Amino acid sequence: MAAARAGEEELGSHNDCLVQLSNPNIATMKEDILYHLNLSTGTHDFPAMFGDVKFVCVGGSPTRMKSFIKYIGAELGLDRPGMDYPNICAGTDRYAMYKVGPVLSISHGMGVPSISIMLHELIKLLHHARCSDVTVFRIGTSGGIGLEPGSVVITRQALDACFKPQFEQIVLGKPVVRSTDLDEQLVLELMQCSVELSEFPTVVGNTMCTLDFYEGQARLDGALCSYTEKDKQAYLQAAYAAGVRNIEMESLAFAAMCRACGLRAAVVCVAYLDRLQGDQISSPHDLLAEYQQRPQRLVSHFIKKRLGKARVPS
Ligand code: URA
């Protein structure tokens with residue numbers, strides 16, 4: 001069956017102004033209930049709560065997104081002694097959301113279905129709040145290919161498990177295909193931030209997004225495995241040849257949905273291990289915790305620079 005190409009006809013270019021939706025139905029609704037975020041336009045004043053948001057950071061775990069908001073709050077000089085960051089989505093345990101100044105931090109759980117539900121509601125939130133000129137980052141963890149553990153990958157293109165830069169979704173029983181290209185200028189600016197920080201190895205590369213952590217990522221250590229070590233190595237080498245430098249489970253939906261709604265977006269993930277060397281994540285917990293902070297430090301430097309608060313070497 002031929003797949004319909006969506007995306008190009010949606011919002012081709014990044015809008016410098018309001019966050020737009022690619023759905024005419026929303027404008028006709030009296031109230032919009034963002035069920036999984038426990039927020040509603042009927043009961044919450046979105047422009048007052050979120051109208052100043054310029055940067056959104058999304059990541060898998062609620063704890064990590066809370067520690068990010070504390071970190072960026074301190075970096076921007078916006079925290080006060082004893083300040084707590086309440087979970088804006090309290091009342092649901094699906095996702096957690098925190099805000100400091102112009103930065104929103106939200107968890108998305110694991111995998112494409114989980115991030116895509118969150119993104120539908122987040123993008124509508126930004127639209128209802130009449131936010132303008134918003135940049136969205138996914139900061140996460142991944143498995144590297146041919147990279148030293150702890151390396152950070154800035155994604156050029158999100159690829160599917162057949163190495164295609166597209167997100168295919170079944171809509172009304174038919175495949176709909178959306179482009180997963182990311183903002184090239186943002187990639188360059190983030191790479192420049194990494195050079196300025198000079199704290200950890202960083203590369204620009206393609207990111208393969210899979211629907212599973214085990215067989216989907218060619219691991220030999222899941223409950224099921226239908227291939228050999230040789231097959232696994234051949235697949236990962238083919239991925240490397242397609243420019244893939246890391247593997248995770250959310251970038252396809254993230255890139256496609258942000259692009260379709262004209263949002264400037266980037267994916268910055270740390271590699272926990274080199275998948276050519278093994279499958280199990282066996283590094284000590286405190287080392288992994290330090291690795292997890294690397295995408296946060298990079299994105300935080302970018303945000304500080306944008307807000308004129310970073311010390312940049314001349
Ligand atoms: N996340 C993934 O999806 N894969 C890994 O190997 C590590 C983190």
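In case you wondered, yes, glycine gets a Cβ from its N, Cα and C as well.
Unlike curated records, TrEMBL annotations are generated automatically.
Pulled from TrEMBL:
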type: DOMAIN; residues: 54-304; note: domain 'Nucleoside phosphorylase'
type: BINDING; residues: ARG94, ARG138, ILE139, GLY140, THR141; note: phosphate binding site
type: BINDING; residues: GLN217, ARG219; note: substrate binding site
_Less than 6 Å between Cβ and the nearest atom of ligand 1 is the rule; apply it to the binding-site residues ARG94, ARG138, ILE139, GLY140, THR141, ARG219._
THR141
*Check the binding-site residues THR141, GLN217 for other C-beta atoms within 10 angstroms of each C-beta and report the one with the most.*
GLN217
*Based on DSSP, name the secondary structure state of ARG94 (phosphate binding site): helix, strand or coil.*
coil
*Given ARG219 (substrate binding site) and THR141 (phosphate binding site), what distance in Å do their CA atoms have, once rounded to a whole number?*
16
*Residue, out of the binding-site residues ARG138, ILE139, GLY140, whose Cβ gathers the largest set of other Cβ atoms within 10 Å*: ARG138
*Taking the Cβ of ARG94 (phosphate binding site) as reference, which residues of that chain separated by at least 6 in sequence fall under 8 Å from it?*
HIS36, LEU37, GLY109, MET118
*Secondary structure at THR141 (phosphate binding site), reduced by DSSP to three states*: strand
*Could you tell me the C-alpha distance between ILE139 (phosphate binding site) and GLN217 (substrate binding site) in angstrom, no decimals?*
19
